[in-house]
Amino acid sequence: MSLFNWVSLGFFLYLLSPILSLNGSSDIPSRFLNYAKKEELFDWMVGVRRKIHENPELGFEEFETSKLVRAELDKIGVKYKHPLSVTGVVGFIGSGKPPFVALRADMDALTMQEMVEWEYKSKVPGKMHACGHDSHVAMLLGAAKILQDHREELKGTVVLIFQPAEEGGGGAKKMIDEGALENVNAIFGLHVANKLPIGEVASRHGPLLAGSGFFEAVISGKGGHAAIPQHSIDPILAASNVIVSLQHLVSREADPLDSQVVTVAKFQGGGAFNVIPDAVTIGGTFRAFLKESFMQLKQRIEEVVTGQAAVQRCKAVINFLEIEKPFFPPTINDKYLHDYFRIVASDMLGIDKVKDMQPLMGSEDFAFYQEMIPGYFFFIGMQNETHKQLQSPHSPYFEINEDVLPYGAALHASLAARYLLEFQPEVTLPEENDHDEL
């Protein structure tokens, strides 16, 4: 960490020191972590996570997962609202009064066949929790248990958001539209990280993850026999030129210091070796950190697809799938919440375990919450360096090191509990009339 960052953090700690001393909140992270590591609570979180893992459900179809969440909240006495956004659940712990701070977990799985052979492998063919959302739910339920057991310490209200359809469905936006952030002042979210060691966290202030969108284009020509191409209008050739030209949008039109991505990951056309098809479908994703750059990419993708198709005598229709897969804004962490996060995480893990990271071109619909209120998103490590290297998210070989569960639960709970203590609403005192009466 640079000297400037150390000085900034020290100054922030100095400003907060009277509050920390007054509220006695500096021991909350260590107490909550010890509580989360108790065998009974740890085994409970593991059991919840494995139940969800065995029964993965796709976006807006998380009916059994939602039912499990509500059953566990009922057992620990937490009130909630349901349904929001089809399967979403919003729980409440604390006084029911300001301030309000939210914690979020996503619930959906991926369309992927699990290749990991273990006792709790997915029982649903073609579906898998390959991004760790099963562990996110278990950790937030663990945090709910910790907070409920320490509810007399809460000086406000913690809002628990169990959200559907993060994987492209924009579930966060729909949760917001249905009132999930009502009265909420700030929100925190996390994601497991396969390459970060267990007991470490990483994030940054400002842009963390890119904004993202998807596109699909149908390029139509005229089919015919491959031996007489002059009688056809070849959409495969047109699509190939489109794909090459799209790569120039980043390499020749974007500022090298303004990170952007255009990837074509889908190409479907033809079913025979000797037949030119009538049409080809291509599709992909585009990413950027700046809204202006994102919208420029969108415009240029449409122009390149239609223009290059026309050069090859084809027609193209492009769809940006904004209803099925809403555009995700960039994930931008609030500066003050970043400073606050570093303090809480340092008290729990040690300052050497709290890492700054570079931005990533991945995306997260947590960004929708951050467009509405201050929010903070971070990564939590689960790699045990004495074991094999864990595979990346969205791999059929993805696994969770369940030792991460107490850390995630305790961090969630600590961030919420201390926020309520340290960010109490200001009370305006009536002005005194101190002049002499005539």
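Using the three backbone atoms N, Cα and C, a Cβ is placed for every residue, glycine included.
Among the features that TrEMBL reports, signal peptide is placed at 1-21.
Taken from TrEMBL, the feature Mn(2+) binding site applies to Cys131, His133, Glu167, His191, His394. The Cβ neighbour count for His133 (Mn(2+) binding site), using a 10 Å radius over every protein chain in view, is 27.
Sequence annotations record features per position, and here TrEMBL assigns domain 'Peptidase M20 dimerisation' to 211-306.
In sequence order, Asp106, Asp108, Leu110, His129, Ala130, Gly132, Glu166, Pro393 are the same-chain residues whose CB sits within 8 A of the CB centroid of Cys131, His133, Glu167, His191, His394, the residues recorded for Mn(2+) being left out. For Glu167 (Mn(2+) binding site), the same-chain residues that are 6 or more apart in sequence and have a Cβ closer than 8 Å to its Cβ are Leu58, Gly59, Asp106, Asp108, Ala109, Leu110, Cys131.
Around His394 (Mn(2+) binding site), the same-chain residues at least 6 positions away in sequence with a Cβ under 8 Å from its Cβ are Leu110, Met112, Ala130, Cys131. Around the Cβ of His191 (Mn(2+) binding site), the number of neighbouring Cβ atoms within 10 Å comes to 22.
Its own atom aside, the Cβ of Cys131 (Mn(2+) binding site) has 22 Cβ atoms within 10 angstroms in the protein chains shown.
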